[in-house]
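Chemist: So TrEMBL lists these for the protein:
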type	residues	note
TRANSMEM	A:23-49	transmembrane segment
TRANSMEM	A:96-117	transmembrane segment
TRANSMEM	A:129-150	transmembrane segment
TRANSMEM	A:171-189	transmembrane segment
TRANSMEM	A:201-221	transmembrane segment
TRANSMEM	A:253-279	transmembrane segment
TRANSMEM	A:291-310	transmembrane segment
TRANSMEM	A:330-347	transmembrane segment
Amino acid sequence: MNIALNITQTFQDWLVGFMPEGAASITAMVIVAVIYLMIFAVAGLYLVLLERRVAAWFQLRLGPNRVGFQGLLQTMADALKLVSKELTGTDRADKFLYNLAPYFVIITSLMALGIFPFTQGFQAFDINIGIFFLIAISSIGVIGILLAGWSSNNKFALIGAMRSGVQTISYELSIGLSLLTMVLLTGSLQLSEIVETQKHGWLIVQGHVPAIIAFMIYMIAGTAETNRAPFDMVEAESELGAGFHTEYSGMKFAYFFLAEFINMFIIACIATTVFFGAWLSPFGITESLPWLGVFWFLLKALILVFLMMWFRWTFPRLRIDQLLSLEWKYLLPINLINIMLMAFLVWQKLTIQF
Amino acid sequence: MERIIFYIIAFIIIVFAMASVSSRKMLRSVIYLLFVLCGIAGIYFLIDYNFLAAIQLTVYAGGIIVLIIFSVLLVHHIEMELEMAKPLRKILTALLCMLGLGVFLYTIYNNHFNVVDNQVTTTTADIGSKLLSYDAGGFILPFEVVSVLLLAAMVGAIVIAKGKKLTDNNDTEL
């Protein structure tokens, strides 16, 4: 297998010291999986808290600040409450698909989380098709939402699921094309190599005008892809109850809820990796301390997450026809022209490199 | 290790393929089909052909299965079940399936496979330069022909979907 320097390898080398090789590789995989699962849960919970505090700040309220210091344990308490809740369901739902649906959503976002280079060497799977793998994985997540909507045997849930399907399929095009624009600059799909090319300046600087256009399109499409406001047609409260997860309760609801926040984090992580130099520090100020890469990566990702929260509490919700005409009549043509512009820049060597 | 994973994936593919054709609930069999396609992607990952695996996931799992789910969602109610076929038909189908399986197994066991010891991972750069190369072994002509075909299909789809408006209203409204 073609796996470059990464944490799986490090663990495996350490474990080979006191157990046979086959057992060591399996144990290493399990340990890495557990680490990512923990990152997943903790990041999800704290993103929920962040969202609530940011929302409160935008609306001139205080937000949750009682449980723990400044409300830091609030979402932990909420999670415990959700675990203890009864799991209810509709009578004539398709039980098998109904229970399967949350796992589709969770597993796809967990798989996507595994390939980000959080810092040099801190990457579970450095696959050579990196970005393409991310796009492939994200196209499966929507199946979970469609299933959840249909198998609940509820009209509102079904309408929510249909909207989600239409929306995700349309906006996936924009995400793919805007990332493709940046791939023209890097010449590689592998995430570690994309970071490597950015040592001569972040891609958003290297590609200047078309890169900024691509970034704007990417953020719009990314917000739509995660079904967040102003594109949350899927769970528009005023029309559909809670959309596709109307019939879910307790932990099953929490899976959808956490996956939504993790997906937002993943969109921010992709943007960080492709546009803002992943774990590279600005102007290389901390180049001698590779472990600070985690700090820079998370800082950039959280700023982008904050941007998406800002969108959510600023813009009113779109109608479904506006949503679709935005994608097909505006974003897609702009994107295609943008790719040609970027190809022209790369051909004429008009990129900025330090 | 890889042998064990192969057998696990093969077992999953076979079980879900059978579940897919024998399930009486339409959406469930679509989901079983999805598992089969994911299993095939798993086999591509196992032989280290990542690009094809991702294509399999995007095109089949992400594209075609979503389209099938959409059509099922539009026409099918949750309490409907597919009707059972007549016994005579069942027997006939079973016989035909056994015949097909027999032909397959016979060819596979009688064919001498060339085992190539290949450790090289095909990168997307290789695939890209092959697709656009003019030299011997390049695929530029089929690539262009396929792109024209896809364009024609897309234009055709739009014309059919818009149908009336394009022909009737053009003169009056514009």
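All positions are counted from 1 along the displayed chain.
Cβ coordinates are placed from backbone N, Cα and C, and glycine is handled just like the others.
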Chemist: Let me check one thing: do the transmembrane segment (A:96-117) and the transmembrane segment (A:253-279) come into contact, meaning three or more Cβ pairs under 8 Å with sequence separation of at least 6?
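Modeler: The answer is yes, given that the two segments have at least 3 Cβ pairs within the 8 Å cut-off.
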Chemist: Report yes or no: does the transmembrane segment (A:171-189) come within contact of the transmembrane segment (A:291-310), defined as 3 or more CB pairs under 8 Å with a sequence separation of 6 or more?
Modeler: no
Chemist: So which residues does the transmembrane segment (A:253-279) touch in its own chain, when a touch means Cβ under 8 Å and the partner is 6 or more beyond its ends?
Modeler: 40-41, 43-45, 47-48, 51, 79, 82, 102-103, 105-106, 109-110, 112-113, 116-120, 131, 134, 138, 141, 148, 179, 182, 191, 194-195, 198, 202-204, 211, 214-215, 218-219, 222-223, 225-228, 244-245, 293-294, 296-297, 300-302, 304-305, 308
Chemist: Which residues of the chain, 6 or more past the ends of the transmembrane segment (A:23-49), have a CB below 8 A from one of its CBs?
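Modeler: For the transmembrane segment (A:23-49), the sequence-distant neighbours (Cβ-Cβ under 8 Å, at least 6 residues beyond its ends) are 7-8, 11-12, 15-16, 64, 71-72, 74-76, 78-79, 109-110, 113-114, 124, 257-259, 261-262, 264-265, 305.
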